[in-house]
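Peer 1: I grabbed these lines from Swiss-Prot:
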REGION    1-26  region 'Disordered'
REPEAT    514-547  repeat 'TPR 1'
REPEAT    548-581  repeat 'TPR 2'
REPEAT    596-630  repeat 'TPR 3'
REPEAT    631-664  repeat 'TPR 4'
TOPO_DOM  58-114  topological domain 'Extracellular'
TOPO_DOM  325-345  topological domain 'Extracellular'
TOPO_DOM  406-419  topological domain 'Extracellular'
TOPO_DOM  464-926  topological domain 'Extracellular'
TRANSMEM  37-57  transmembrane segment
TRANSMEM  115-135  transmembrane segment
TRANSMEM  170-190  transmembrane segment
TRANSMEM  193-213  transmembrane segment
TRANSMEM  223-239  transmembrane segment
TRANSMEM  240-259  transmembrane segment
TRANSMEM  304-324  transmembrane segment
TRANSMEM  346-366  transmembrane segment
TRANSMEM  385-405  transmembrane segment
TRANSMEM  420-440  transmembrane segment
TRANSMEM  443-463  transmembrane segment
Amino acid sequence: MSTNPNPGIHQYAPSTLPREREREGATNSPQRNLLEFLCICVACIVCYYNSTQCGLVFDDISAIRDNKDLRPHTPLINVFLNDFWGTPMRKEQSHKSYRPLTVLTFRFNYLLHALEPFGYHLVNLLLHLSVCLLWRRVCRLLLRQCAASGSNAISAPSSSSVSQLNTCAFVASLLFAVHPVHTEAVTGVVGRAELLSSICFLAAFLSYAKSVGDSGCPRRTNWLTLFGCFGSCLLASMLCKEQGITIAGICVVYELFVVHQLRPLHLCHFVLRLFDERTEQQSPKLANPSGIRRWSSSTLWKRLSFLVGITLTLLVGRVYVMGSQLPIFTRFDNPASAADTPERQLTYGYLIYLNCWLLLCPSLLCCDWTMGTVPLLQGFTDSRNITTLLTFLALGAMVAKTCFTRNLALSRTLIMCLGWMVLPFLPASNLFFPVGFVVAERILYMPSMGYCLLVAYGFEQLQRRGSLSWQRFSQAALAILLLTHALKTHQRNLDWRTEYSLFMSGVHVNQRNAKLYNNVGHALENEGKFEEALLYFQQAVRIQTDDIGAHINVGRTFNNLKRYAEAEQAYVQAKALFPQAKPGVSYHARIAPNHLNVFINLANLIAKNQTRLEEADHLYRQAISMRSDYVQAYINRGDILMKLNRTAQAQEVYEQALLYDNENADIYYNLGVVFLEQGKSQQAQVYFNKAIELYPEHEQALLNSAILLQELGGEEARRVSRSRLYKVLENDDQNEKVYFNLGMLAMDESSFDEAEQFFKRAIHLKADFRSALFNLALLLADTKRPLDAVPFLNQLIRHHPSHVKGLILLGDIYINHMKDLDEAEKCYRSILHYDPHNTQGLHNLCVVFVERKRLAKAAACLQYAQRLAPAEDYIGRHLQIVLARLQKINKLPESAPERKLAYEDYDPLEFKLPQDRPTHKSRKRS
């Protein structure tokens, strides 16, 4: 055994790591490994099995249900071009959260079971279990290396010490498995970003430790492992979530204080030497030769350079992907970021305490901490500054302990715990840039690893050095902590079952957050409970009177309740909250796109009144003037212009919208409708096809293009038309229009039985579907089943009394097949009631008179019909036949029954044009 020339400074032992592995095999039995493995698995499953019964809620809606990047028809490359929510990274409204690997796993889930929540939650549970097991392995490695490097002897820790360290690692992973603050990351499906990133995060650390520790000497490096495994894991972690980049910082801490055994004071001394060469003479205690030699190690600088280089490279790449722009958030997302100095800095400091408190006491958890959840600290006199001060004192005390303790194992373990707590939290700390939230529980998933290790290490120290009573007390306290955490986690999962239960749990915790009340209102609104939703929206307005979104919600709910005057008033109030233009003063103000919805909603409400369409158009133009790239305003304005029959202008508006969003299927569809209105079917079909290319499930484009193809005719056109109609049915099997058009296709192919079934299905879904009712009746009549057609024709006339073709067909069946002239006459007279100049209805009424042998009345009727339609030859022919018969009857005696019947009910004035009827002049009184 060699002697150490510098007491308190322990030299690195080249044989430490190999001997450590030998010792591990002797002290770590397979039975214990299996038992710990099973305990962690059981803890995870017991805590989170009920999460698989939860639905897709909160952020899951945007990231999964509404994210087109998950759909199989979306090009896979889009996953790497868009942000986590499916918005192109180049767009201003993008959240700039680039997590393509996480989105790929969502896409895989969608491929297997679409939007069924169970699979998404099951994957999250398994990922959390994997993180816990990996964390146990990392803790074992870390604790043994810290203990070995801090030993006074070259040999590794004793067998009993290794066993205690393994217990510490097990406790850390078990506490991590059951901690309630992880519920949002595990039960919320979007938390998969944290889970995947953590797996790659831990794998990166293990690969780094392997690359610098395989040889047993810190002067050697396995560069292949470092570049290949570590680099890949670091990149993958960052592509799952941005926090993953911080593993490079943890590896720097590990390299300095564990691998090269530097002490924090060595680091201070080195920094001082950079600024003052005399430090060594003035501070001999700091000028430790061993520390200097370690700093001069070329291996250390090569590895640090590698870590810094790869980190900077990835950061530059990340900035490039973001388009060199930070995401833009509103002041409601993070109120402190919009506050003045010193309120902003004091609030940021208080948020650090709040995050620490959530780790220490996760009793009051909330899904949303934005808006007024945490009131801003009002200067230095705010009493909450005390908690901030105590937090920083506690952290400072731990830092001081690492610097001045002579127990090097303790020092290095504390350093790694602090590094694991602090570094992953830095991106969310507002230190470098303001973030879009106040507190986010899932952000604490990685930092909580360091916290759990710190608690476990404290427990291990009590077990090792405390008295028997302290050991029993610490064991009982740990058991209670694990049990209460597990129960809280299990109970917290129940809050995530539905959006309503989740947001109500938030309201119970925090009554100052207007967004929570808005979200409860949205949940009730989705269930059709508009009256209840209105109460929560109005409460949100009372809490945050300047929140435009809350006023919009109130207006929309009034609109759903058909209280249009109150809805308009709410929208006007929201509109009044926008920055007002001042004459002669120019200024720039950023308007959130979702706030501009007030113009859309107000215009849509006004447009219900046909006399106010121009006013609605003005609102759309006003919204466009505020944001020229506001595509939804262009789309809605185009609809208004179509109602105003200004199709050319509507076309220009839609084409302008394409300049800002040329991948919006709705715009291409609307352009297709414009060309359809202009009678340009071929151009319309081109735009419908483009809409389908961009969004293969676009229902209206599929339906309209199928109809155009059907009208085009031809076997290939009918085949494509049918495939598109069936595509619509895959997503909406209750669409009566699809069944009707499938029936029409079957008619074209003479598949009458199939057509009949499609028409009946359409009528079953919509009892007053006039086209389906008439075409089914016509089909039955044409296939020699006229009596079967009568019920459908009567149903048609009941819902649509003025349906002329239906009345004519029904009248014909009454005459030709049922011989019911009275009902036939009712049908034809009904036609003339709605359309007095309908030639066919009038002619058929004349035929009824002929069938009744009322020839005089029939002749007058046909003469009237001929005057209405002189070009119709068949009327003239029938008139000549009736007149010839009437001439023969007129030769009979007046008392003859045939002659009496011929002139029965005859009124010479019944069938006369208005100008042919005699007028009666009134005499003036003298």
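Residue 1 is the first one shown; counting continues down the chain.
Here the Cβ of each residue, glycine as well, is placed from N, Cα and C on the backbone.
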Peer 1: Which residues, given as numbers and ranges, are at least 6 beyond the ends of the topological domain 'Extracellular' (325-345) yet have a Cβ under 8 Å from it?
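Peer 2: Those are 92, 94-97, 351, 370-372, 374, 376-380, 430, 433-438, 515, 544, 547, 590, 592, in sequence order.
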Peer 1: Would the transmembrane segment (346-366) count as touching the transmembrane segment (385-405), if touching means at least three Cβ pairs under 8 Å and pairs must be 6 or more apart in sequence?
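Peer 2: As far as Cβ distances go (cut-off 8 Å, pairs 6 or more apart), the transmembrane segment (346-366) and the transmembrane segment (385-405) touch.
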Peer 1: Which residues, given as numbers and ranges, are at least 6 beyond the ends of the topological domain 'Extracellular' (406-419) yet have a Cβ under 8 Å from it?
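Peer 2: Beyond its ends, the topological domain 'Extracellular' (406-419) has Cβ neighbours at 8, 10, 142-143, 146-147, 149-151, 249-250, 253-254, 257-258, 261, 263-264, 395, 398-399, 450-451, 453-454, 457, 461.
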Peer 1: Does the chain bring the transmembrane segment (170-190) near the transmembrane segment (240-259), so that three or more CB pairs sit under 8 Å (pairs 6 or more apart in sequence)?
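Peer 2: No, since the transmembrane segment (170-190) and the transmembrane segment (240-259) share fewer than 3 Cβ pairs closer than 8 Å, they do not count as touching.
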Peer 1: Counting a contact as 3 or more Cβ pairs under 8 Å, with residues at least 6 apart in sequence, do the transmembrane segment (223-239) and the transmembrane segment (385-405) touch?
Peer 2: no
Peer 1: When DSSP states are grouped into helix, strand and coil, how many residues of the repeat 'TPR 3' (596-630) land in each?
Peer 2: 27 helix, 0 strand, 8 coil
Peer 1: Summarise the topological domain 'Extracellular' (406-419) by DSSP state, stating how many residues are helix, strand and coil.
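Peer 2: Going through the topological domain 'Extracellular' (406-419) residue by residue, I get 12 helix, 0 strand, 2 coil.
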Peer 1: What same-chain residues lie close to the transmembrane segment (385-405): Cβ under 8 Å, and 6 or more beyond its ends?
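Peer 2: Residues 263-265, 268, 346, 349-350, 352-353, 356-357, 377, 411-412, 414-415, 418.
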Peer 1: Would you kindly list the residues that approach the repeat 'TPR 1' (514-547) from elsewhere in its chain, counting only those six or more residues past its ends and only Cβ-Cβ distances under 8 Å?
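Peer 2: Counting only partners 6 or more residues beyond its ends, the repeat 'TPR 1' (514-547) has Cβ contacts under 8 Å with 58, 332, 366, 368, 370-372, 498-500, 503-504, 506-507, 553-554, 556-558, 560-561, 577.
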